[in-house]
Amino acid sequence: MPTHHPITRQHWHHSWLSALALLCASLACGAKQVDVHDPVMTREGDTWYLFSTGPGITIYSSKDRVNWRYSDRAFGTEPTWAKRVSPSFDGHLWAPDIYQHKGLFYLYYSVSAFGKNTSAIGVTVNKTLNPASPDYRWEDKGIVIESVPQRDLWNAIDPAIIADDHGQVWMSFGSFWGGLKLFKLNDDLTRPAEPQEWHSIAKLERSVLMDDSQAGSAQIEAPFILRKGDYYYLFASWGLCCRKGDSTYHLVVGRSKQVTGPYLDKTGRDMNQGGGSLLIKGNKRWVGLGHNSAYTWDGKDYLVLHAYEAADNYLQKLKILNLHWDGEGWPQVDEKELDSYISQRLK
C-alpha cells in the first residue's frame, strides 16, 4: 500500500512559493505585458526593436528584450495603394519583417483582408530605427509583389527575408491557398529579381475542386528561414490564428542544405508534400502559438513568437524562447519558458 509522508513546513513553503511563482508568471504580477501579433525583431546599437501587426505597424524598443517601450508606428496613414489592392483593407498592416542591408533598414509589411488573397507585400526603408535621430524617416518603396484572385493561387502576405551563402537575398511568404513560396529579390530589395526565380517550399493538401478565390483548407502560413550550421531551417505555422481560445496555431519545422529546398522534416518527408515536424504547440495556459521569427544574438539562438494567454481572455503576448539543438541538429524549445518569459510594457 502507498506510504503517506507528512507535509513539513518546508515542503509547504516551497509548494506555496512555486504556486505563487506560477501565478505571477500567468498574471505577470500586475505588470502590463507587450501584446503583439506576428513579432519580428532586430538590433541597432544597444537597442532591440520589435515590430508587430497593427495600425501602421507598431514598433517597440528595449535594452534587455524584457522591458519594452512604445517607439513609433512606421505609417501614420495607410499606404496610398492599399485600398486599390484590397478594397476591404481595415487599416491594419499585417505580418512585418525587418532586415538590415548596407546601412539601411527594410521593413516589409502586408496589406490584405481576412480570407482573401486581394493582397500585397510592400516595403518601407529607413536609415535608423531611433525616432530621436534626425535621419529617422520611413520612405515607402511601394509594392514588392501582389496577388490577384483567380490569377494567383497564392497569397502575398507574411514576408520573411533570408540571405543565402552567396549573399543573394530571398523573400519567403505565403498563407493558405497554394502554400509557401520563395523568390529572389533584386539588388535594392524592393522587387523580384529579373529574370524571376520562384520556388514552392511548403504546402498542405488543398482540394482541386475548390474555387481558386477561396483560401481553402491548407492551413499553413508565416514562413521564416534561419541559417544554422550546414542547414537552412524553415519554420511555418499550421492551424488557425486569431480565434482566441479556439486558435489552433502551432509551429513546425523542416530543413534543407539549399535555401530553395527541398525542406525535409525529421522523418524525411518534404514540406512540399505535407511534411513538418512539430516544434511547439502550447498548453492550456498558452494557445495559438505561432507566426514566429528566429535569430542568433551574441552566440545564442532565440525563437520569437506570439501566444494567447488563457488567463487574460486569450490576449496575444510576446514570447522570446531559447532555441536549443538536439544531437541531430534539430531545434528544440522548452515549453516551460512560456511561463517564465514575461515581457513588461513600460510607460
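Yeah, the Cβs are placed from backbone N, Cα and C, and that goes for glycine too.
Features of the protein shown, as given by Swiss-Prot:
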type	residues	note
ACT_SITE	ASP38	active site, proton acceptor
BINDING	ASP35, ASP90, GLY91, HIS92, GLY115, LYS116, ASN155, SER175, GLU221, GLN316	substrate binding site
BINDING	HIS291	Ca(2+) binding site
SIGNAL	1-31	signal peptide
SITE	HIS291	site 'Important for substrate recognition and stabilization'
**Request:** Based on DSSP, name the secondary structure state of ASP38 (active site, proton acceptor): helix, strand or coil.
**Result:** coil
**Message:** Under a three-state reading of DSSP, tell me whether GLY115 (substrate binding site) is helix, strand or coil.
**Reply:** coil
**Request:** Tell me, if you would, which residue among ASP35, ASP38, GLU221 (recorded positions) has the fewest other CB atoms within 10 Å in the structure shown?
**Result:** ASP35
**substrate binding residues ASP35, ASP90, GLY91, HIS92, GLY115, LYS116, ASN155, SER175, GLU221, GLN316: largest Cα-Cα distance, in Å and rounded to whole number** = 26
**Request:** Tell me the Cβ neighbour count for ASN155 (substrate binding site), meaning other Cβ atoms within 10 Å of its Cβ, over all protein chains shown.
**Result:** 27
**Request:** Looking only at C-alpha atoms, tell me how far ASP38 (active site, proton acceptor) is from GLY91 (substrate binding site), rounded to the nearest Å.
**Result:** 16
**Request:** Using a 10 Å cut-off, grab the number of neighbouring Cβ atoms around the Cβ of GLY115 (substrate binding site), all chains included.
**Result:** 12
**Message:** Applying a 10 Å Cβ distance cut-off over all chains shown, what neighbour count does the residue listed as 'Ca(2+) binding site' have?
**Reply:** 27
**Item:** Rounded Cα separation (Å) that holds between ASN155 (substrate binding site) and the residue listed as 'Ca(2+) binding site'
**Value:** 16
**Request:** Looking only at C-alpha atoms, tell me how far GLY115 (substrate binding site) is from the residue listed as 'Ca(2+) binding site', rounded to the nearest Å.
**Result:** 17
